[in-house]
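A.B. asks: A single structure is presented below for examination.
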Amino acid sequence: MSVKPRRIELNYLRVFLCMLIITTHILTEYAVSNEPDDFQIKVLYWIRMIVIVGTPGFIILSQLLVTLNYKETLPRNYLISRVQFILLPYLVMGMFYSYSESEDRNISFMSQFYENIILGNWYGYFVIVIMQFYLLNYLIYKINPAILGSKLALILSIIVNAVYLYAYEFVEPVKTFMDAHYPISFNTFILGWISYYFIGSYIGLNYDAILEFLEKHLTLLLVGTVLSFLLFIFGREHDYWNVTSYNFATILYTACLFLLLIKFSTIFKTFMANTVAQVSAYSFFIYLLHPIILDAIFSYTQRFQGHTLIFIPITLLIVIGCCIGIGSVLKEFPIFKYVMGKQPYRL
């Protein structure tokens, strides 16, 4: 029986993505809580767009792990385990979020739950996207898993993704049709993320070859990352108040930056290994919990706003520490694997 090699770099990658997401939300909290002038808004916009890889990166990584571990067939309990350890935590944490919001806004819990969790109008919407991809995996593995490693499918998915997002934003009949007929939040529609599904699939199926390519052609990747961001800068008009990865102009940049983060992650082997393993294991829980507590933490750390190199690291440290601390207590009770996922229980 062959033993699968440990992919330590993927732990570091997951931690980097987690930190980028939290950083984006910290900067968003800053923009909302203060009254930045036009110049500050532009600076915040460009910084957040540079690190916008967080959410799509998690989606890519989720699919990368599927094709990395399952080349030809999926395990029998594939969908059931995803419902138990991905969808159920989404629902449970969503209930808590909806309850806290309903209390704060003095509206009914059920209407808040329906708006946020059923329709997907909250930060956890990405779970709805991932669940669609899990269903798509189930179908494709039944038909022909080789589709996931097809260069043609990869290229077509990028084109379809970009065309759809462009059409939704700029072609009024498309937007009108989707808003009228797609029943939940517009940013959960599968075509708006389909390129990331195939990017993750392709990387996972060709993981060792891609690592070798990155080792040999790092300069090419750096150039590609810069050029793709320049394409985003000059390829569209910018609304400096609207920071989103649901954007036709960021697809290539996200793909390049994700590959760059993989390469960067391979540098680390033992650096803070135990802490990295812990943050990686709790990353899904951190993603779902941190926006709920960020406002309270920000009320303390905002006193450091004048010193960015202190403000962001301290806020990051407290947010991650609180999430892991809460998770460590909950982990003592096996039932909370349906709240945090099963990864913390593997530590």
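Glycine is no exception: its Cβ is also placed from the backbone N, Cα and C atoms.
In TrEMBL, annotation is done automatically, which means it is predicted and not curated.
According to TrEMBL:
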DOMAIN    8-324  domain 'Acyltransferase 3'
TRANSMEM  12-33  transmembrane segment
TRANSMEM  45-66  transmembrane segment
TRANSMEM  78-99  transmembrane segment
TRANSMEM  119-140  transmembrane segment
TRANSMEM  152-168  transmembrane segment
TRANSMEM  180-205  transmembrane segment
TRANSMEM  217-234  transmembrane segment
TRANSMEM  246-264  transmembrane segment
TRANSMEM  276-298  transmembrane segment
TRANSMEM  310-330  transmembrane segment
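Let's see these features in context: how buried, what's close, how far.
C.D. replies: In the predicted model, the domain 'Acyltransferase 3' (8-324) has a mean pLDDT of 94.
If you look at the transmembrane segment (12-33), the same-chain residues 6 or more away from its ends with a CB under 8 A from one of its CBs are 41, 44, 47-48, 51-55, 57-58, 61, 123, 243, 261-262, 264-265, 268, 276, 279-280, 283, 286-287, 290-291, 294-295, 298, 302, 305, 312, 315-316, 319-320.
Note on the transmembrane segment (78-99): residues 70, 109, 112-113, 116-117, 122, 124, 127-128, 130-131, 134-135, 137-138, 284-285, 288-289, 291-292, 337-342 of its chain, located 6 or more positions outside it, place their CB under 8 angstroms from a CB of the stretch.
Beyond the ends of the transmembrane segment (119-140), by six or more residues, the same chain brings 25, 55, 58-59, 62-63, 66, 74, 78-79, 82, 86-87, 90, 93-94, 97, 147-148, 183-185, 187-188, 190, 193, 197, 287-288, 291 to within a C-beta distance below 8 angstroms of the stretch.
Residues 9, 13, 16-17, 49, 52-53, 56-57, 60, 158, 161-166, 169, 187, 192, 195-196, 199, 203, 210-211, 214-215, 218, 221-222, 224-225, 228-229, 231-232, 235-236 of the same chain, all 6+ positions outside the transmembrane segment (246-264), place their C-beta atoms under 8 angstroms from a C-beta of that stretch.
Sequence-distant contacts of the transmembrane segment (276-298), counting only residues of its own chain at least 6 positions beyond either end whose CB sits under 8 Å from a CB of the stretch, comprise 10-12, 14-15, 17-18, 21-22, 25-26, 29-30, 33, 58, 86, 89-90, 93, 96-97, 100, 123-124, 268, 315, 318-320, 322-324, 326-327, 339-341, 343-344, 346-347.
Here the transmembrane segment (310-330) has long-range neighbours at 18-19, 22-23, 26, 278-279, 282, 285-286, 289-290, 293-294, 297-298, 300-302, 304, 336, 339-340, 344, meaning same-chain residues at least 6 beyond its ends whose C-beta is under 8 angstroms from one of its own.
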A.B. asks: Which sequence positions outside the transmembrane segment (180-205), separated from its termini by at least 6 residues, show Cβ-Cβ distances below 8 Å to it?
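C.D. replies: Long-range Cβ neighbours of the transmembrane segment (180-205): 56, 59-69, 71, 118-121, 125, 128-129, 132-133, 136, 148-149, 151, 153-154, 157-158, 160-162, 164-165, 168, 244, 246, 251, 254-255, 258-259, 262.
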